[in-house]
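Engineer: When I checked TrEMBL for this same protein, it listed these features:
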DOMAIN    71-164  domain 'FtsX extracellular'
DOMAIN    188-304  domain 'ABC3 transporter permease C-terminal'
TRANSMEM  28-57  transmembrane segment
TRANSMEM  183-206  transmembrane segment
TRANSMEM  227-250  transmembrane segment
TRANSMEM  277-299  transmembrane segment
Amino acid sequence: MSRKTQKQKRRSSKTGISYFWSEGIHNIFLNGFMSFAAVTIILACLLITGSIVLISYNIDLNIKNLQEDSEIMLFIDESFTDEQAKDIQKELEKIKNVNTVQFQSAEQSLDDLRDQLGSDSDILDGYNSDNNFMRNAYRVTLKNLESAEQTSQQIKKIDGVAKVVIQETTMQMLVNVQNVFRIVSFTLIAALGAISIVIIANTVKLAMFARREEIAIEKMVGATNWFIRWPFVIEGMVLGFISGGLAALAEWGIYEKLVETVTSAIPQFEMAQFHEFGMPLVFIFLGAGIIIGVGGSVLSMRRFLDV
């Protein structure tokens, strides 16, 4: 029995949406090898893209932790009493880019120095609360390191601030690293998405090329472009959905193993747990797979519908 006769039988028993779905699913099995190739390659693209996103997310998470630890140290004028020094906190908290403010008394700074010196701390035996060369100070963390220099200038204008120490080079390095990772991640994601669309488009092109005479006949007897398109759109959507689902499952297993390996090798490196973003990631993979599948199908059909 010819493909045309088989199609006429399916069309006679099904109409509308059910017919489009029947044709779309039939196309997948009819072009089994190409369908398998499309699913495999789209799965690989989604998996690589997802891995890049998750790696970038965790690196970004650790950079943010380092940013939170990066602080501006400011020292209070020696002529200010303890009460006056503590009042400066209100002025610091008014600055928009200031995240946290922690007061450190001169006595606390002296004790911290003793702890750092360890066995050599006896050189400080002559110093105490009445004889202390340390100053009252504040430790300030910022919301946005890119504005660190501007914020330090605002702090210097506060009455009673004698000196501001800022790790400008370290802060700028963290900002640069974060920006580079974001740009690289976005570029790779966009490139892999485009590759996936091209692959599915070529798969549908091959299927349509094999049916070009049949499509031409359908056009001549009055079939609309969308009547011809829908089975291929559904084919691309199903292939994309399958790819997205398999990619999500594979990503889950790979990521869990990666977390176990990295945290064992580098305990200081914090990694988010999969359950924190698992469900959103599944929906993103499914949605991305469907968009890639449908997009590839739509882009590939215009040439064959110009009869």
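Just so it is clear, glycine is given a Cβ too, placed from its N, Cα and C backbone atoms.
Automatic prediction, not curation, is the source of TrEMBL annotations.
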Engineer: Give, as a single whole number between 0 and 100, the mean pLDDT over the domain 'FtsX extracellular' (71-164).
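Structural biologist: Mean pLDDT across the domain 'FtsX extracellular' (71-164) comes out at 81.
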Engineer: Counting only residues 6+ away from its ends, which parts of the chain sit with a Cβ under 8 Å from the transmembrane segment (227-250)?
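Structural biologist: Contacts with the transmembrane segment (227-250): 20-21, 23-28, 35, 38-39, 42-43, 46-47, 50, 200, 203-204, 207-208, 215, 218-219, 281-282, 285-298, 300-301, 305.
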Engineer: From the DSSP assignment alone, can you count helix, strand and coil residues within the domain 'ABC3 transporter permease C-terminal' (188-304)?
Structural biologist: 103 helix, 0 strand, 14 coil
Engineer: Using DSSP, what is the helix/strand/coil residue split across the domain 'FtsX extracellular' (71-164)?
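Structural biologist: Grouping H, G, I as helix and E, B as strand yields 43 helix, 23 strand, 28 coil.
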